[in-house]
Amino acid sequence: MIVSIVDYGSGNVRSLINAVRYLGFETQWIRNPHDIEKAECLIFPGVGNFGFVCDSLAKQGFLEPLRRYALSGKPFMAVCVGIQALFEGSVEAPHSKGLGVFPGLVQRFDNDDKTVPHIGWNSCAVRSDTSKEFFGMRPHDKFYFVHSYMIPEKGLILPPEFKIATTKYGNETFVGAIVKNNFLATQFHPEKSGSAGLRCLKAFLTGNYEQPISGEASKLIENSFGGLTKRIIACLDVRSNDAGDLVVTKGDQYDVREKSSGSEVRNLGKPVELCQRYFQEGADEVVFLNITSFRNCPMADAPMLQVLEKAAQTVFVPLTVGGGIRDVSDPDGTFHPAVEVAGIYFRSGADKVSIGSDAVYAAEKYYENGKKLSGKTAIETISKAYGNQAVVISVDPKRQYVKVPEDTKHHVVKTSRLGPNGEAYCWYQCTVKGGREYRDIDVVELTRACEAMGAGEVLLNCMDQDGSNAGYDIELVRLVKNSVNIPVIASSGAGIPQHFEEVFKETDCDAALAAGIFHRQTCRIEDVKEYLAIHDVLVRT
């Protein structure tokens, strides 16, 4: 069977194609309305925002043919924004028309009791019948979600032949999937949901709609907040060594060279091989940080694109890439806006892009302009095209001590780690260019500005803790977590499993990232998750 995939110019569809091919099926693109009518099995991927997706479909004449196909009884699957597009419209794009397969309007999550976007691994189950798996979806499984808009379960009425699998996030219950024979629409990304997602995708492709289950597989794992787990993220700091090879390295307070006389770049292995290992060991996400990219033009950064392409062929969890996501000009003067640069990374297999120095410069201009949005920053243009969940800001702050809060205009915390002269307060100064240049902006100002511009997540590093194995900077993570309404990833300093428990329980951050300890296997991902599960932290196992 050949699987036809709708092509409307969206972001990372490569991973979906890779997953289908990994399972042994051929793929082909749908590029015109006639291709839809001829398809024997069709997948409608959803990457981007509702308006971009539905307007692109309308422009290409796909709306009505796709609607007819969805109702035809032939194998049909929709993913993420794809399930939203099956409804009449969305508050995300009030002037854009959906397919209208189902009645209703897509809504935005409220952030009264939670961060938005909803990012991470959550449950998805037909709660009225947990003794069965539908298209391989088991109540015990966790699937990867990344979205700010959803279809509320409350008030939803579908034809009786359809079953609804729901997901809980804070005070809201929404549609995680809609199923019937030969029909599967998921809010989660099966191609990014590890073995559970591959099982779901395979069940759809083989027509395995319904199977009885029992025991652990039938048990929902949730807490009072829902089924969303804390994420454990592995980070690969990638750069060229002195021989020109792309290697994974690790810094000690941002210094990546050995202390020996040769001072060579610290080499911890090949990026693709390590990425594959982390996937097999249970990493919930993998981050590639191209830490020397500010010295090069990313449009010509072929090795990094090749790493992404190869990793995405066999790694079925989210991949984030950072470094060089900005407006650039080629040596011949050809200009490439940041959204175009991001698009190249997405089409190579990235799910999210991480913006570092450019986020700081954009935040400075945001305040200079009286907190007015320009609409031209990398954060704004990328989030508009691909959704704010596709944009991560990577923050590199360093502690600056003061005797009393009045000694600075910046946001301070009372600290238990006294300064060199006994100072009891500090603020966190943001840096650019890999920590080599300091700017007059603090971490609260930066993250709030970036949230306003459309960033969907904060990757919070700490120059003081980097490579220390002494634990995360709890005061820093708590400060930022309490300052924004988007997810926060704690980074820098993890050395033992207890450090992960500490940062989750004391700050309620959404994810924790580590690099060196996973590279060297002084602490394994499995060890961290086993420890957290024993200590009542909900994780994907």
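Each position is counted from 1, following the chain as shown.
Cβ atoms here come from the backbone N, Cα and C positions, even for glycine.
The C-beta environment of C80 (active site, for GATase activity), restricted to residues of the same chain at least 6 apart in sequence and closer than 8 Å, consists of P45, G46, V47, V146, H147, T186, Q187, F188, H189. Among the features that Swiss-Prot reports, active site, for GATase activity is placed at C80 (among others).
As annotated by Swiss-Prot, active site, for GATase activity applies to H189 (among others), with the evidence given as similarity to another entry. Cβ-based neighbour count (10 Å, all protein chains) for H189 (active site, for GATase activity) stands at 26.
What Swiss-Prot records for E191 (among others) is active site, for GATase activity, and it gives similarity to another entry as the kind of evidence. The Cβ of E191 (active site, for GATase activity) has 29 neighbouring Cβ atoms from other residues within 10 Å, across all protein chains displayed. For the recorded site, E191 (active site, for GATase activity), the DSSP three-state label reads helix.
Its Cβ taken as reference, D237 (active site) is surrounded by 25 other Cβ atoms within 10 Å in the chains shown. As annotated by Swiss-Prot, active site applies to D237 (among others).
As annotated by Swiss-Prot, active site applies to D396 (among others), with the evidence given as sequence analysis. With a 10 A radius on its CB, D396 (active site) counts 26 other CB atoms from all the protein chains. In the three-state DSSP scheme, D396 (active site) is classed as coil.
The domain 'Glutamine amidotransferase type-1' annotation in Swiss-Prot covers 2-214. The average pLDDT computed for the domain 'Glutamine amidotransferase type-1' (2-214) is 96.
The region 'Cyclase' annotation in Swiss-Prot covers 228-541.
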For the C-alpha pair, I'd like the distance in angstrom between D396 (active site) and D237 (active site), rounded off.
14
Just the number: how many Å between the Cα atoms of D237 (active site) and E191 (active site, for GATase activity)?
24
